[in-house]
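As listed in TrEMBL for this protein:
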TRANSMEM  A:12-34  transmembrane segment
TRANSMEM  A:41-62  transmembrane segment
TRANSMEM  A:82-103  transmembrane segment
TRANSMEM  A:139-157  transmembrane segment
DOMAIN    A:158-479  domain 'NADH:quinone oxidoreductase/Mrp antiporter transmembrane'
TRANSMEM  A:192-213  transmembrane segment
TRANSMEM  A:279-302  transmembrane segment
TRANSMEM  A:314-338  transmembrane segment
TRANSMEM  A:345-365  transmembrane segment
TRANSMEM  A:377-401  transmembrane segment
TRANSMEM  A:431-454  transmembrane segment
TRANSMEM  A:466-486  transmembrane segment
TRANSMEM  A:527-548  transmembrane segment
Amino acid sequence: MTTFFAPTVDWAYLAPLVVVLGAGVVGVLVEAFVPASARRATQLALALVALVAAIVLVGTLWTDVTDQGYVDVLGGALRLTVTTLGIQAVVLVLALVAVLVVADRSADGLDAFAPTAAAVPGSPYEELARRKGLVQTEVFPLTMFAVGGMMIFGATIDLLTMFVALEVLSLPLYVLTASARRRRLLSQEAALKYFLLGAFASALFLFGTALLYGATGSVNLEAIAEALAQGGAGGPTAGMTGMVVVAVLLLLAGVLFKVGAVPFHVWTPDVYQGAPTPVTGFMAACTKAAAFGALVQVALYVGTGLQAGAPDTFRALEVALCVVAVASMVVGTVVALPQTDIKRVLGYSAIAHTGFVLVAVLGLLGRPTPEAGVDALGAVVFYVLAYGLATIGAFAVVTLVRESDGARDGVVLGEATQIRQWSGLGRRSPWLAGLFALFLLSMAGIPLTAGFIAKFGAFRAGVDGGFAWLAVVGVLASAVAVFFYVRIVVIMFFADAPADDDAAPRPDGDALVPDVPVRAVRPRAPVLVALVLCALGVIGLGVFPAPVLNLLG
Amino acid sequence: MSTGEDVLFWVLAPLMVLAALGLLFARKAVHAAVCVVFVMISLAVMYIAQDAPFLGVVQIVVYTGAVMMLFLFVLMLVGVDASDSLVETIRGQRWIGVLLGLGLGAVLGGVVAQATFPPAVGLASPDEENPVTLARVLFGDYVFAMEVVGVLLVTAAVAALVLTHRRSLEPRVGQKETADAKVAALPSGGRLTPLPAPGVYARNNAMDTPALDASGRPIPESVSRILRIRGQERSATAILAAEHEVLADHEPTRHRDRRDDDAHPDRVTRTTDEEA
Amino acid sequence: MELTHYVVLSCILFAIGATTVLLRRNAIIVFMGVELMLNAANLAFVTFARMHGDPHGQVIAFFVMTVAAAEVVVGLAIIVAIFRTRRTASVDDANLLKN
């Protein structure tokens, strides 16, 4: 019996991840041992400190990784390149801002989460919990675990680690979706839908991995790429092309679900609407960043292998991704037009943005060699960063626009998510409406915002990869999208506040109800800092994108 | 692959497919759960037959023994009689679902059946036990994934608590607390004993007639408060007077009316048998 | 060559599991369909491990079991929370928005 040699662990490269996951574990201990009065402050401080520390650690690793090209940790469990490290950094930065929004209690000192998610909605127990001032502080460690999972998901080339990371990032999100303070029924239903469809997609991903393992004998993407490259008559995958095709499709199906691309987008509007708004912002920004990191890895390695070994299959793969990209852009823009709920509009626009990033991914696939695709990789990372900042900022504003009971300092009720309720907001709260307009314009891709640079980079990467027609479709879809973004801006600034007798039927079937007065809550510290950071990021990246673009190659 | 394994496969596989179809078509959720348990145990047998004894045992212990039992527990707890739809997962027609399923099965099965696989190498090794081989791989190549799965399990535990654990928010009121509260309420007019029951008479034991105390007075609390408020309480005097009349009818000599007009108007004297 | 039979069986089980997810409305049965899909993938992994003589496949199947257990915990917690709500039923949105 040979002796067992334990693998050497490069702690320096694992440090950011260890800090984040460690903060989650310590958070669980805080739940157990810290008295209730100090719990929330401790958890928030722990989360913020951990995220800042992780960002700093990623910064220290940057030059190292750029010099070495790539660094393999623990035999490929993590492969740190400029792209994957960039994805990790993007996830951390967006998570920092998202945690600030999660911690927000601007609306009458109440946060967006139910006092206890285990209470039956509308029961006396829930009322008692609210009066006793219970707070669901487990939100913070769960968020930390999700962030840790996202950091691994976007940075690994081992399909098993990718599957485990997918579950690590998804499970806390399912729970967080179910813990909204208001509209608990909708929240719970959204969580169930997200969970069942997410589990289904994970199972598809896993079966694809199984078939690839059968075809190539490994679950490491690099080894799979080599095996595929030798494909054809003599290689290891001889006679198994059908299986390889099906396997790759299943694999992509799993990742495309997380990214929210058509036809796996069905969950996005419902889950975005039902989840507590800070969690929606977190999901929309960070999950997308991590999932695109994973998609890029899979596409890069499998694409390279197929390109060398089975060009026909590679062509078919490209066609399939093109169809997905076009469908996402079209569905995202067209179905967003008649929507009346602001969270659903942002959900459909997320689908459209997925399509735009897929243009960059296809641009990557269209290059002759992976090395030539560096700018496409940088475009993907920049896009998810720009989109993430705008999204978290937009959802932060949505948490602040509330229905009230009319009195000047009256009780603040739930969020006013109908678009027509936002009319006249520009006059009552110019700063808030201005910020929201900024974020919407960034998503629309107006010049001088980060969104414009991001779209420009993505489409140029697509053109350079031989997909000029796709970039044209993207520009057209963007133009249509500008319409519904600008429409909201116009409603905010140039329409009057809804009159009392101007009642319209609610889309969820309620009878005609007179409009409830809408009020924008004054943002307090956490969400104010988050809004300022997002705004600075969006404008900064729009006006001075060069430093970040150079870092990303 | 030996003939023994062949027989095993061809006996188990059709049964497994039938059980899986049982999951798809079962009316009651418990039947579906039992079908899945059958599939999982058969899978465990197949793992053992395929040079994976450790995995076979873990399949039975963890998957069937823990996971499926958890399913059955939750089914019993909340959903054993719920056989209709709760939530629409994907809005679509049934036939699209069936077609997609059949299509998926056909595509996958076809693609795999056509594939030419290399000859099987097998994993039975005389040098090392199966668990030791697995341990090497687990702690060597996949140590990172193992640690991350640890985090996953912590997440699962926290998530389950968040969603289902309801702490008691009020101090628990047990028997001692209730008794103490009753004794403390005595000075302000509380009572320790249960209320007296309504009266039982020779020809009447209805709820609206009061009982009589030791001195013959009717007790108001023995009749329900609502009947008292509504004025639907029946007079005990009237009932007893009716009894007197019946006795007088049947035994006129024995019955002697002893009613004393100076006494309390509600007081009812008992008639005694004067004839020894 | 007979190992193909195991893989075909796993494909059939996977397809039946997927059909269950797409067709059935009861959340618990849908989730059992997902478990069936994961088990089918496990069978494929074990078979391919035997085929390649590579224990990695078995270790992967082991990981999948652990992950599935964690997923079941969270999924059933969500389902329990929803069933509790539905049982005590007749709660409408207006009631919840007032708070």
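Note: Cβ is positioned from N, Cα and C throughout, glycine not excepted.
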Taking a Cβ cut-off under 8 Å, which residues six or more beyond the ends of the transmembrane segment (A:82-103) line up next to it in the same chain?
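Distant Cβ neighbours of the transmembrane segment (A:82-103) are 16, 20, 44, 47-48, 51-52, 54-55, 58-59, 61-62, 65-66, 111-112, 139-140, 143, 147, 150-151, 154-155, 278-279, 281-282, 285-286, 289-290, 292-293, 296-297, 374, 377-378, 380-381, 384-385, 388-389, 392-393, 395-396, 399, 526-527, 529-530, 533-534, 551-553.
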Answer yes if the transmembrane segment (A:466-486) and the transmembrane segment (A:314-338) have at least three CB pairs under 8 Å among residue pairs 6 or more apart in sequence, and no otherwise.
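By the criterion, they touch.
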Would the transmembrane segment (A:377-401) count as touching the transmembrane segment (A:12-34), if touching means at least three Cβ pairs under 8 Å and pairs must be 6 or more apart in sequence?
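Counting Cβ pairs under 8 Å, fewer than 3, so no.
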Taking residues 6+ outside the transmembrane segment (A:41-62), which of them lie with a CB under 8 Å of any CB in it?
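Beyond its ends, the transmembrane segment (A:41-62) has Cβ neighbours at 12-13, 15-17, 19-20, 22-23, 26-27, 30-31, 34, 80, 85, 88-89, 92-93, 95-96, 99-100, 103, 137, 139-141, 143-144, 147, 526, 551.
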Where else in the chain does the transmembrane segment (A:12-34) make close Cβ contacts, counting only residues six or more beyond its ends and a cut-off under 8 Å?
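Same-chain contacts beyond the flanks: 42-43, 46-47, 49-51, 53-55, 57-58, 61, 71, 73, 78, 80, 88, 92, 137-138, 140-142, 144-145, 147-148, 151-152.
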